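Asker: So that we are looking at the same thing, I have put the structure below in C-alpha coordinates.
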Amino acid sequence: MKKELYIMGVETSCDETAVAIIKNGRHIVSNIVASQIESHKRFGGVVPEIASRHHVEQVTIVFEEAMREAGISYADLDAIAVTAGPGLVGALLIGVNAAKAIAFAHEIPLVGVHHIAGHIYANRFVKEMEFPLLALVVSGGHTELIFMKEHGYFEVIGETRDDAAGEAYDKVARTLNLPYPGGPHIDKLAHEGTPTIKLPRAWLEQGSYDFSFSGLKSAVINTLHNAEQRGEKINPKDLAASFQESVIDVLVGKTVAAAKEYNVKQVLLAGGVAANKGLRAALTEAFSELSEVELIIPPLSLCTDNAAMIAAAGTVLFEKGQRANFALNANPGLDITIHN
Ligand code: KG4
Ligand code: ZN
(Lines of atoms letter the chains of each structure in order from A and count residues from 1; the text may use other names and numbers.)
(Lines give C-alpha, C1' and ligand atoms only; values in the text may rest on other atoms or scores of the structure.)
(Ligands and ions follow the chains in the order given, each with its own letter.)
Protein backbone atom coordinates (compact mmCIF):
# COMPACT_ATOMS: atom_id res chain seq x y z
CA MET A 1 0.00 0.00 0.00
CA LYS A 2 1.28 3.46 -0.92
CA LYS A 3 1.52 5.78 2.06
CA GLU A 4 2.62 9.11 0.63
CA LEU A 5 0.84 11.23 -1.98
CA TYR A 6 3.26 13.11 -4.23
CA ILE A 7 1.86 15.86 -6.47
CA MET A 8 3.91 17.96 -8.85
CA GLY A 9 2.84 21.56 -9.49
CA VAL A 10 3.64 23.55 -12.64
CA GLU A 11 3.12 27.32 -12.92
CA THR A 12 3.92 29.56 -15.92
CA SER A 13 0.96 31.96 -16.04
CA CYS A 14 2.99 35.19 -15.89
CA ASP A 15 6.68 35.88 -15.36
CA GLU A 16 7.81 33.01 -13.12
CA THR A 17 8.66 29.54 -14.41
CA ALA A 18 7.96 27.30 -11.44
CA VAL A 19 7.85 23.59 -10.65
CA ALA A 20 7.34 22.09 -7.19
CA ILE A 21 6.72 18.72 -5.60
CA ILE A 22 4.66 18.45 -2.45
CA LYS A 23 3.82 15.51 -0.20
CA ASN A 24 0.40 14.74 1.29
CA GLY A 25 -1.00 18.13 0.33
CA ARG A 26 0.83 20.20 2.92
CA HIS A 27 4.56 19.46 2.83
CA ILE A 28 6.92 21.07 0.35
CA VAL A 29 9.53 18.62 -0.96
CA SER A 30 10.98 20.94 -3.61
CA ASN A 31 9.92 24.37 -4.85
CA ILE A 32 11.87 25.90 -7.76
CA VAL A 33 11.02 29.38 -9.08
CA ALA A 34 12.90 30.94 -12.00
CA SER A 35 11.97 34.62 -12.05
CA GLN A 36 12.11 36.78 -15.16
CA ILE A 37 11.69 40.09 -13.35
CA GLU A 38 15.11 41.35 -14.47
CA SER A 39 14.19 40.89 -18.17
CA HIS A 40 10.90 42.80 -17.87
CA LYS A 41 12.14 45.61 -15.61
CA ARG A 42 13.40 47.88 -18.38
CA PHE A 43 9.96 47.76 -20.05
CA GLY A 44 8.16 48.71 -16.81
CA GLY A 45 5.94 45.62 -16.94
CA VAL A 46 5.65 42.07 -18.22
CA VAL A 47 6.10 41.76 -22.00
CA PRO A 48 4.08 38.66 -23.01
CA GLU A 49 6.33 37.60 -25.89
CA ILE A 50 9.46 37.83 -23.75
CA ALA A 51 7.70 35.88 -20.98
CA SER A 52 6.85 33.00 -23.35
CA ARG A 53 10.42 32.81 -24.65
CA HIS A 54 11.84 32.67 -21.12
CA HIS A 55 9.40 29.93 -20.13
CA VAL A 56 10.48 27.83 -23.12
CA GLU A 57 14.14 28.27 -22.19
CA GLN A 58 13.65 27.60 -18.49
CA VAL A 59 10.94 24.99 -18.21
CA THR A 60 13.02 21.81 -18.74
CA ILE A 61 15.76 23.02 -16.40
CA VAL A 62 13.22 23.89 -13.71
CA PHE A 63 11.53 20.46 -14.02
CA GLU A 64 14.91 18.73 -13.67
CA GLU A 65 15.92 20.83 -10.68
CA ALA A 66 12.61 20.20 -8.89
CA MET A 67 12.95 16.44 -9.43
CA ARG A 68 16.62 16.41 -8.38
CA GLU A 69 15.93 18.38 -5.22
CA ALA A 70 12.99 16.14 -4.32
CA GLY A 71 15.11 13.01 -4.83
CA ILE A 72 12.20 11.03 -6.24
CA SER A 73 11.52 9.54 -9.69
CA TYR A 74 8.58 10.25 -12.00
CA ALA A 75 7.16 6.84 -11.05
CA ASP A 76 6.65 8.18 -7.51
CA LEU A 77 4.36 11.00 -8.68
CA ASP A 78 0.61 10.52 -8.20
CA ALA A 79 -0.41 13.49 -10.38
CA ILE A 80 0.79 16.62 -12.15
CA ALA A 81 -1.18 19.79 -11.42
CA VAL A 82 -0.73 22.66 -13.84
CA THR A 83 -2.05 26.23 -13.97
CA ALA A 84 -4.51 26.25 -16.90
CA GLY A 85 -5.54 29.91 -16.41
CA PRO A 86 -6.03 32.78 -15.99
CA GLY A 87 -2.86 34.47 -17.21
CA LEU A 88 -0.97 35.24 -20.40
CA VAL A 89 -2.02 32.69 -22.99
CA GLY A 90 1.44 32.18 -24.52
CA ALA A 91 2.98 31.80 -21.06
CA LEU A 92 0.28 29.39 -19.82
CA LEU A 93 0.67 27.22 -22.93
CA ILE A 94 4.30 26.41 -22.12
CA GLY A 95 3.44 25.02 -18.69
CA VAL A 96 0.31 23.20 -19.89
CA ASN A 97 2.18 21.51 -22.74
CA ALA A 98 5.20 20.62 -20.62
CA ALA A 99 2.91 19.09 -17.98
CA LYS A 100 0.99 17.17 -20.65
CA ALA A 101 4.25 15.80 -22.11
CA ILE A 102 5.45 14.55 -18.71
CA ALA A 103 1.99 13.14 -17.88
CA PHE A 104 1.88 11.31 -21.22
CA ALA A 105 5.43 9.99 -21.13
CA HIS A 106 5.19 8.70 -17.55
CA GLU A 107 1.46 7.85 -17.51
CA ILE A 108 0.71 10.21 -14.64
CA PRO A 109 -2.78 11.73 -14.10
CA LEU A 110 -3.10 15.41 -15.05
CA VAL A 111 -5.09 18.06 -13.13
CA GLY A 112 -5.84 21.60 -14.37
CA VAL A 113 -5.69 24.28 -11.66
CA HIS A 114 -7.01 27.85 -11.48
CA HIS A 115 -4.16 30.23 -10.62
CA ILE A 116 -6.15 31.96 -7.87
CA ALA A 117 -7.15 28.64 -6.31
CA GLY A 118 -3.39 28.09 -6.08
CA HIS A 119 -2.81 31.41 -4.30
CA ILE A 120 -5.52 30.53 -1.77
CA TYR A 121 -4.09 27.06 -1.14
CA ALA A 122 -0.64 28.55 -0.34
CA ASN A 123 -2.20 29.00 3.10
CA ARG A 124 -2.49 25.24 3.57
CA PHE A 125 1.27 25.07 4.10
CA VAL A 126 0.79 27.27 7.17
CA LYS A 127 -2.29 25.68 8.71
CA GLU A 128 -4.99 23.15 7.81
CA MET A 129 -8.04 24.89 6.33
CA GLU A 130 -11.27 25.00 8.34
CA PHE A 131 -14.57 25.73 6.63
CA PRO A 132 -16.43 27.91 6.02
CA LEU A 133 -13.64 30.32 5.22
CA LEU A 134 -13.07 33.58 3.42
CA ALA A 135 -10.06 34.36 1.22
CA LEU A 136 -8.91 37.88 0.42
CA VAL A 137 -7.11 37.53 -2.91
CA VAL A 138 -4.93 40.49 -3.86
CA SER A 139 -2.58 40.00 -6.79
CA GLY A 140 -1.37 41.78 -9.91
CA GLY A 141 -4.44 40.73 -11.88
CA HIS A 142 -7.07 40.00 -9.22
CA THR A 143 -8.73 41.52 -6.18
CA GLU A 144 -11.43 39.24 -4.85
CA LEU A 145 -13.20 38.11 -1.73
CA ILE A 146 -13.85 34.38 -2.13
CA PHE A 147 -16.10 32.32 0.13
CA MET A 148 -15.28 28.62 0.50
CA LYS A 149 -17.70 26.21 2.19
CA GLU A 150 -15.48 23.19 1.44
CA HIS A 151 -12.34 22.15 -0.45
CA GLY A 152 -12.52 23.06 -4.12
CA TYR A 153 -15.68 25.20 -3.74
CA PHE A 154 -15.09 28.86 -4.63
CA GLU A 155 -17.77 31.55 -4.55
CA VAL A 156 -16.67 35.04 -5.55
CA ILE A 157 -18.63 37.41 -3.26
CA GLY A 158 -16.74 40.55 -4.29
CA GLU A 159 -14.27 41.58 -6.97
CA THR A 160 -12.65 44.65 -8.45
CA ARG A 161 -14.66 46.62 -10.99
CA ASP A 162 -11.54 48.11 -12.57
CA ASP A 163 -7.89 47.83 -11.52
CA ALA A 164 -6.59 45.04 -9.32
CA ALA A 165 -4.82 46.11 -6.11
CA GLY A 166 -1.40 45.03 -7.42
CA GLU A 167 -2.05 46.79 -10.70
CA ALA A 168 -2.81 50.03 -8.83
CA TYR A 169 0.43 49.62 -6.83
CA ASP A 170 2.42 49.06 -10.02
CA LYS A 171 0.85 52.05 -11.83
CA VAL A 172 1.35 54.42 -8.90
CA ALA A 173 4.93 53.18 -8.59
CA ARG A 174 5.54 53.92 -12.24
CA THR A 175 4.25 57.48 -11.76
CA LEU A 176 6.78 57.84 -8.94
CA ASN A 177 9.53 56.46 -11.25
CA LEU A 178 10.02 53.34 -9.15
CA PRO A 179 11.14 50.07 -10.80
CA TYR A 180 8.80 47.20 -11.75
CA PRO A 181 7.18 45.50 -9.92
CA GLY A 182 6.32 48.57 -7.90
CA GLY A 183 4.38 47.03 -4.99
CA PRO A 184 7.36 46.26 -2.75
CA HIS A 185 8.90 49.71 -3.42
CA ILE A 186 5.71 51.57 -2.48
CA ASP A 187 5.41 49.37 0.60
CA LYS A 188 8.94 50.33 1.67
CA LEU A 189 8.42 54.07 0.98
CA ALA A 190 5.08 54.02 2.79
CA HIS A 191 6.78 52.91 5.98
CA GLU A 192 9.17 55.86 5.78
CA GLY A 193 6.38 58.41 5.21
CA THR A 194 3.26 59.75 6.95
CA PRO A 195 -0.25 59.54 5.40
CA THR A 196 -0.81 63.30 5.30
CA ILE A 197 -2.34 63.56 1.80
CA LYS A 198 -6.12 63.16 1.56
CA LEU A 199 -7.02 60.45 -0.96
CA PRO A 200 -10.40 58.81 -1.72
CA ARG A 201 -11.64 55.44 -0.49
CA ALA A 202 -14.03 53.63 -2.82
CA TRP A 203 -16.52 51.89 -0.52
CA LEU A 204 -19.12 51.59 -3.34
CA GLU A 205 -22.77 50.80 -2.48
CA GLN A 206 -23.79 49.84 1.03
CA GLY A 207 -23.23 46.10 1.53
CA SER A 208 -21.18 45.58 -1.63
CA TYR A 209 -17.98 43.54 -1.38
CA ASP A 210 -16.73 44.81 -4.73
CA PHE A 211 -13.63 46.97 -5.01
CA SER A 212 -12.50 49.85 -7.22
CA PHE A 213 -8.97 51.25 -7.31
CA SER A 214 -8.86 53.29 -10.52
CA GLY A 215 -10.25 56.44 -8.83
CA LEU A 216 -7.57 56.25 -6.18
CA LYS A 217 -4.88 55.69 -8.80
CA SER A 218 -6.09 58.76 -10.76
CA ALA A 219 -6.22 60.83 -7.56
CA VAL A 220 -2.55 60.01 -6.88
CA ILE A 221 -1.56 60.92 -10.43
CA ASN A 222 -3.59 64.17 -10.27
CA THR A 223 -2.05 65.12 -6.93
CA LEU A 224 1.42 64.77 -8.46
CA HIS A 225 0.55 66.66 -11.65
CA ASN A 226 -1.21 69.51 -9.84
CA ALA A 227 1.75 69.97 -7.53
CA GLU A 228 4.10 69.93 -10.51
CA GLN A 229 2.07 72.64 -12.25
CA ARG A 230 2.19 74.81 -9.15
CA GLY A 231 5.93 74.23 -8.93
CA GLU A 232 5.50 72.47 -5.56
CA LYS A 233 7.16 69.23 -4.49
CA ILE A 234 5.23 66.34 -3.02
CA ASN A 235 7.11 64.06 -0.67
CA PRO A 236 6.93 60.61 -2.38
CA LYS A 237 7.14 58.88 0.99
CA ASP A 238 4.04 60.69 2.26
CA LEU A 239 2.23 60.03 -1.02
CA ALA A 240 3.10 56.32 -0.83
CA ALA A 241 1.94 56.20 2.80
CA SER A 242 -1.35 57.94 1.94
CA PHE A 243 -1.99 55.65 -1.05
CA GLN A 244 -1.19 52.53 0.95
CA GLU A 245 -3.45 53.62 3.82
CA SER A 246 -6.35 54.14 1.41
CA VAL A 247 -5.91 50.69 -0.21
CA ILE A 248 -5.55 48.94 3.15
CA ASP A 249 -8.54 50.71 4.78
CA VAL A 250 -10.89 49.39 2.10
CA LEU A 251 -9.37 45.89 1.86
CA VAL A 252 -9.45 45.38 5.63
CA GLY A 253 -12.86 47.04 6.11
CA LYS A 254 -14.60 44.85 3.53
CA THR A 255 -12.81 41.67 4.65
CA VAL A 256 -13.87 42.17 8.28
CA ALA A 257 -17.49 42.90 7.25
CA ALA A 258 -17.65 39.82 4.99
CA ALA A 259 -16.05 37.58 7.64
CA LYS A 260 -18.79 38.61 10.07
CA GLU A 261 -21.66 38.30 7.60
CA TYR A 262 -20.57 34.87 6.33
CA ASN A 263 -19.73 33.66 9.83
CA VAL A 264 -16.43 32.17 8.74
CA LYS A 265 -13.96 30.25 10.90
CA GLN A 266 -10.89 31.44 9.01
CA VAL A 267 -9.74 34.33 6.84
CA LEU A 268 -6.91 33.58 4.39
CA LEU A 269 -4.75 36.21 2.73
CA ALA A 270 -3.57 35.34 -0.79
CA GLY A 271 -1.75 36.73 -3.84
CA GLY A 272 1.33 38.85 -4.48
CA VAL A 273 0.03 41.89 -2.55
CA ALA A 274 -0.27 39.58 0.50
CA ALA A 275 3.46 40.29 0.84
CA ASN A 276 2.59 43.90 1.76
CA LYS A 277 3.81 44.63 5.28
CA GLY A 278 1.19 47.29 5.93
CA LEU A 279 -1.67 45.00 4.85
CA ARG A 280 -0.36 42.09 6.93
CA ALA A 281 -0.11 44.31 10.00
CA ALA A 282 -3.54 45.94 9.52
CA LEU A 283 -5.30 42.58 9.05
CA THR A 284 -3.52 41.10 12.05
CA GLU A 285 -4.66 44.01 14.18
CA ALA A 286 -8.25 43.95 12.90
CA PHE A 287 -8.65 40.20 13.46
CA SER A 288 -7.03 40.27 16.88
CA GLU A 289 -10.26 41.97 17.96
CA LEU A 290 -12.37 39.25 16.34
CA SER A 291 -11.24 36.22 18.32
CA GLU A 292 -13.73 33.79 16.74
CA VAL A 293 -12.05 34.18 13.35
CA GLU A 294 -8.56 32.80 12.73
CA LEU A 295 -6.41 34.85 10.33
CA ILE A 296 -3.87 32.97 8.22
CA ILE A 297 -1.13 34.73 6.26
CA PRO A 298 1.33 32.81 4.08
CA PRO A 299 5.10 33.33 4.38
CA LEU A 300 6.47 35.91 1.92
CA SER A 301 8.00 33.22 -0.35
CA LEU A 302 4.56 31.68 -0.95
CA CYS A 303 2.70 34.97 -1.59
CA THR A 304 4.11 35.64 -5.06
CA ASP A 305 3.76 33.13 -7.90
CA ASN A 306 5.12 29.65 -7.19
CA ALA A 307 4.24 26.07 -8.06
CA ALA A 308 3.93 24.64 -4.53
CA MET A 309 0.60 26.48 -4.22
CA ILE A 310 -0.57 24.98 -7.54
CA ALA A 311 0.35 21.50 -6.29
CA ALA A 312 -1.54 22.20 -3.03
CA ALA A 313 -4.74 23.16 -4.87
CA GLY A 314 -4.11 20.29 -7.30
CA THR A 315 -3.96 17.81 -4.42
CA VAL A 316 -7.50 18.54 -3.23
CA LEU A 317 -8.86 18.51 -6.78
CA PHE A 318 -7.07 15.20 -7.43
CA GLU A 319 -8.54 13.78 -4.23
CA LYS A 320 -11.99 14.96 -5.36
CA GLY A 321 -11.49 12.89 -8.53
CA GLN A 322 -10.89 15.75 -10.94
CA ARG A 323 -8.78 14.77 -13.99
CA ALA A 324 -7.84 16.64 -17.15
CA ASN A 325 -7.25 14.84 -20.43
CA PHE A 326 -4.79 15.69 -23.18
CA ALA A 327 -7.25 18.18 -24.64
CA LEU A 328 -6.45 20.46 -21.65
CA ASN A 329 -5.82 23.93 -23.01
CA ALA A 330 -4.60 27.24 -21.63
CA ASN A 331 -7.56 29.48 -20.83
CA PRO A 332 -6.61 33.11 -20.10
CA GLY A 333 -10.14 33.85 -18.86
CA LEU A 334 -10.65 30.69 -16.78
CA ASP A 335 -13.47 31.00 -14.22
CA ILE A 336 -12.64 29.85 -10.67
CA THR A 337 -16.15 28.54 -10.03
CA ILE A 338 -15.56 25.71 -12.56
CA HIS A 339 -13.76 23.91 -9.76
CA ASN A 340 -17.03 23.63 -7.79
O1 KG4 B 1 0.34 37.11 -7.36
P2 KG4 B 1 1.42 37.77 -8.10
O3 KG4 B 1 2.84 37.30 -7.88
O4 KG4 B 1 1.16 37.71 -9.63
C5 KG4 B 1 -0.15 37.69 -10.15
O6 KG4 B 1 -0.77 36.61 -10.11
O7 KG4 B 1 -0.58 38.79 -10.54
O8 KG4 B 1 1.30 39.33 -7.74
C9 KG4 B 1 2.16 40.29 -8.26
C10 KG4 B 1 1.74 41.64 -7.72
C11 KG4 B 1 2.47 42.82 -8.36
O12 KG4 B 1 1.50 43.77 -8.75
C13 KG4 B 1 3.36 43.35 -7.23
O14 KG4 B 1 3.61 44.74 -7.31
C15 KG4 B 1 2.53 43.01 -6.03
O16 KG4 B 1 2.01 41.73 -6.31
N17 KG4 B 1 3.32 43.00 -4.77
C18 KG4 B 1 3.13 43.88 -3.78
C19 KG4 B 1 4.11 43.59 -2.80
N20 KG4 B 1 4.85 42.53 -3.25
C21 KG4 B 1 4.35 42.18 -4.46
N22 KG4 B 1 2.24 44.87 -3.64
C23 KG4 B 1 2.28 45.60 -2.52
N24 KG4 B 1 3.20 45.40 -1.54
C25 KG4 B 1 4.12 44.42 -1.64
N26 KG4 B 1 5.01 44.23 -0.64
ZN1 ZN C 1 -0.33 35.15 -9.02
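A Cβ is built for glycine as well, from the same backbone N, Cα and C atoms used for every other residue.
Feature table excerpt (TrEMBL):
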DOMAIN    27-311  domain 'Gcp-like'
BINDING   His115, His119, Asp305  Fe cation binding site
BINDING   Val137, Val138, Ser139, Gly140, Gly141, Asp170, Gly183, Asp187, Asn276  substrate binding site
Asker: Hey, for the Fe cation site built from His115, His119, Asp305, who else sits with CB inside 8 A of the CB center?
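Answerer: Near the Fe cation site, the remaining chain residues are Glu11, Ser13, Cys14, Thr83, Ile116, Gly118, Ser139, Gly271, Gly272, Asn306, Met309, Ile310.
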Asker: How would DSSP class His119 (Fe cation binding site) in three states?
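Answerer: Assignment for His119 (Fe cation binding site) reads helix.
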Asker: Give the sequence-ordered list of residues that share a chain with Ser139 (substrate binding site), lie 6 or more positions from it, and have CB atoms under 8 Å from its CB.
Answerer: Ile116, His119, Ala164, Ala165, Gly166, Ala270, Gly271, Gly272, Val273
Asker: Which of the binding-site residues Gly141, Gly183, Asn276 has its Cα nearest to the Cα of Asp305 (Fe cation binding site)?
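Answerer: Comparing Cα positions, the candidate nearest Asp305 (Fe cation binding site) turns out to be Gly141.
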Asker: Report the same-chain neighbours of Val137 (substrate binding site): residues 6+ apart in sequence with Cβ closer than 8 Å to its Cβ, ordered by sequence.
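Answerer: In sequence order, the residues whose Cβ lies under 8 Å from that of Val137 (substrate binding site) (at least 6 apart) are Ile116, His119, Ile120, Thr143, Glu144, Leu145, Ile146, Ala270, Gly271.
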Asker: A 10 Å Cβ contact count, applied to the binding-site residues Gly141, Gly183: which residue has the minimum?
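Answerer: So among Gly141, Gly183, the binding-site residues given, the one with the fewest Cβ atoms within 10 Å is Gly141.
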Asker: With Cβ-Cβ distance below 8 Å and at least 6 positions apart along the chain, what are the contacts of His115 (Fe cation binding site)? List them in sequence order.
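Answerer: Glu11, Ser13, Thr83, Gly85, Pro86, Gly87, Ile310, Leu334 - these are the non-local Cβ neighbours of His115 (Fe cation binding site), listed in sequence order.
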Asker: If H, G and I count as helix, E and B as strand, and all else as coil, what does DSSP give for Gly183 (substrate binding site)?
Answerer: helix
Asker: Who sits close to Asn276 (substrate binding site): which same-chain residues at least 6 apart have their Cβ under 8 Å from its Cβ?
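Answerer: The answer is Val138, Gly183, Asp187, Gln244, Ile248.
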Asker: Enumerate in sequence order the binding-site residues Val137, Asn276, Asp305 whose Cβ-atom distance to ligand 1 is under 6 angstroms.
Answerer: Asn276, Asp305
Asker: Out of Ser139, Gly141, Asn276, which binding-site residues have CB atoms lying under 6 Å from ligand 2?
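Answerer: Cβ < 6 Å from ligand 2, in sequence order: Ser139.
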Asker: For His119 (Fe cation binding site), what is the tally of other C-beta atoms lying within 10 angstroms of its C-beta?
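Answerer: I get 31 for this one.
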